[in-house]
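Visitor: Sharing a structure, written as structure tokens. Questions coming.
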Amino acid sequence: MRTVTVLGTTGSIGCSTVDLLEQARDQYRVRALVGGKNAAKLAEQARSLKAELAVLADESAYAELKALLAGSGVEVACGRKAVIEAAGLPADWTMAAITGAAGLEPTLAAVKNGNSIALANKEALVCAGDVMLRAVQDAGATLLPVDSEHNAVFQSMADRQADQVEKIILTASGGPFRNASVDVMRAATPAQALKHPTWSMGAKISIDSATMFNKGLEVIEAARIFGLTEDRIDVLVHPQSVVHGMVQYTDGSLIAQMGSADMRIPIAHTLAWPRRMATTSSRLALAAFGTLEFIAPDEVRFPALRLARQALRAGKAVPAILSAANEIAVEAFLKEQIGFLDIARVVEDTMNTLGAPPADTLDAVLHWDAEARRVATQQISAVVA
Ligand SMILES: NC(=O)C1=CN([C@@H]2O[C@H](COP(=O)(O)OP(=O)(O)OC[C@H]3O[C@@H](n4cnc5c(N)ncnc54)[C@H](OP(=O)(O)O)[C@@H]3O)[C@@H](O)[C@H]2O)C=CC1
Ligand SMILES: CC(=O)[C@@H](O)[C@H](O)COP(=O)(O)O
Ligand SMILES: [Mn+2]
């Protein structure tokens, strides 16, 4: 029986992961389930999967979680330290799906066990690429990409011809504002921006899809995972979200992975890897689509792609600065403190303010993450004033 831990268990990816574990209860023992604030969801999952440990980042939720799990035999802990300790408990497979840079240290703690890490949390790899990859190598861990595009590329490289890869292509849905005018985007509300055309996801990544910062972060994530330079990672807008990623080989072959827009498919791929497991996810009915479109992205209406490529080329702390500033700007947009187009503006101004300082260590990454949050918050105050 394999032991598993789910970080970010109460979120969108976490719930899809729990759903798969519930369908194969006899094959997995759940070491730890880790959430942020949602005690009710965590308790329900922990009881269902008979988890050994249930942890919330929110310390004030301890009494509630303890009461919800009374008599269940599930151990309970709360607080940031407890999250990192739980992530570091030995498990054969860990889902890393805490959203944002908050997932960095727990993911690193899990990596140190040297087992399989199913990586959904792209921000960790974006802001601390070198630190994470060094930790993976030192521990002999296996990084299995969950993000649909990266999982697609990983699957399309299954024959391990990495040295014969010319380039990879990540697809993008284009988000809810794919065809919107700049005026419509300027006036966009959080409710409109959260309405993703093809995927059901958490709030932060949904806004990132709308600005296309999600695709920008994914270009950086792909560079880290597949060891490719920025010029070998293309993005194509593909509104149907049927093809998730492609690999172009030196002989001109283009290998793609397709599937329904259901994250249980890539999650199952990492859970069963190197084998496959059955899922109940809907099968693609290609004839129902009829036409699949592929369109070059518009970097004028969506400056996020240009900024992310700039950050990737600059390296050092720049990707961490971009990602942290974006987190702050997304939060401010969701609170209706700034407009939709201000998100990219805040990120660009923060990048311009902080330049390209070195960030070789975890401490340096955390320092520049904090600095970017401080500068972005100042920029937002200026917009609000
Ligand atoms: N959703 C998707 O389809 C995809 C997501 N991803 C990536 O996966 C990650 C998760 O996304 P998604 O599931 O959509 O996000 P959600 O917002 O739905 O879930 C986030 C999870 O992280 C938890 N969390 C938040 N802050 C903390 C913290 N400080 N400490 C511990 N746990 C915390 C939340 O807990 P709680 O809710 O209890 O507060 C929740 O369990 C992101 O990095 C995203 O980019 C990648 C590809 C696809
Ligand atoms: C499901 C997944 O992997 C998301 O990252 C998705 O790709 C978001 O959609 P966009 O392509 O609109 O960013
Ligand atoms: Mn993705």
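Keep in mind that glycine also has a Cβ here, set from the backbone N, Cα and C atoms.
Computed from a predicted structure; not experimentally measured.
So TrEMBL lists the following for this protein:
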type	residues	note
BINDING	THR10, GLY11, SER12, ILE13, GLY36, LYS37, ASN38, ASN121, GLU123, GLY202	NADPH binding site
BINDING	LYS122, SER148, GLU149, SER173, HIS196, SER209, ASN214, LYS215, GLU218	1-deoxy-D-xylulose 5-phosphate binding site
BINDING	ASP147, GLU149, GLU218	Mn(2+) binding site
DOMAIN	4-129	domain '1-deoxy-D-xylulose 5-phosphate reductoisomerase N-terminal'
DOMAIN	143-226	domain '1-deoxy-D-xylulose 5-phosphate reductoisomerase C-terminal'
DOMAIN	258-374	domain 'DXP reductoisomerase C-terminal'
Visitor: Around ligand 3, within a Cβ distance of under 6 Å, which of the binding-site residues THR10, SER12, GLY36, GLU123, ASP147, GLU149 show up?
Guide: ASP147, GLU149
Visitor: Under 8 Å between C-beta atoms and at least six apart in sequence, can you list the same-chain neighbours of HIS196 (1-deoxy-D-xylulose 5-phosphate binding site), or say none if there are none?
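Guide: Listed in sequence order, they are SER173, GLY175, PRO176, SER206, SER209, ALA210.
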Visitor: Just how many other Cβ atoms lie inside 10 Å of the Cβ on GLU218 (1-deoxy-D-xylulose 5-phosphate binding site)?
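Guide: The answer is 27 other Cβ atoms.
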Visitor: Rounded to the nearest angstrom, how far is the Cα of GLU218 (1-deoxy-D-xylulose 5-phosphate binding site) from the Cα of ASN38 (NADPH binding site)?
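Guide: Rounded to a whole number, the Cα-Cα distance is 27 Å.
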Visitor: Looking only at DSSP and grouping its letters into three states, which state does SER12 (NADPH binding site) belong to?
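Guide: DSSP assigns SER12 (NADPH binding site) to helix.
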Visitor: Between the Cα atoms of LYS122 (1-deoxy-D-xylulose 5-phosphate binding site) and ASP147 (Mn(2+) binding site), what distance do you get, rounded to the nearest Å?
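Guide: With distance taken Cα to Cα, ASP147 (Mn(2+) binding site) is 8 Å from LYS122 (1-deoxy-D-xylulose 5-phosphate binding site).
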Visitor: Check each residue in the chain of ASP147 (Mn(2+) binding site) that is at least six apart in sequence and keep those whose C-beta is under 8 Å from its C-beta; list them in sequence order.
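Guide: Listed in sequence order: LEU119, ALA120, LYS122, GLU218, GLU221, PRO266.
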Visitor: Identify, in sequence order, the residues in the chain of SER12 (NADPH binding site) that are 6 or more apart from it along the sequence and have a CB within less than 8 Å of its CB; answer 'none' if there are none.
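Guide: Result: SER200, MET201, GLY202, ILE205, MET263.
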Visitor: How big is the Cα-to-Cα gap, in Å, between GLU149 (1-deoxy-D-xylulose 5-phosphate binding site) and GLU123 (NADPH binding site)?
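Guide: So the alpha carbons of GLU149 (1-deoxy-D-xylulose 5-phosphate binding site) and GLU123 (NADPH binding site) sit roughly 15 Å from each other.
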Visitor: Counting Cβ atoms within 10 Å of each candidate's own Cβ, which of the binding-site residues THR10, ASN38, ASN214 comes out highest?
Guide: ASN214
Visitor: Using DSSP, break the domain '1-deoxy-D-xylulose 5-phosphate reductoisomerase C-terminal' (143-226) down into helix, strand and coil residues and give each count.
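Guide: Split by secondary structure, the domain '1-deoxy-D-xylulose 5-phosphate reductoisomerase C-terminal' (143-226) comes out as 44 helix, 11 strand, 29 coil.
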Visitor: Output: those binding-site residues from ASN38, ASP147, ASN214 whose CB lies less than 6 Å from an atom of ligand 1, in sequence order; none if no residue fits.
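Guide: Result: ASN38, ASP147.
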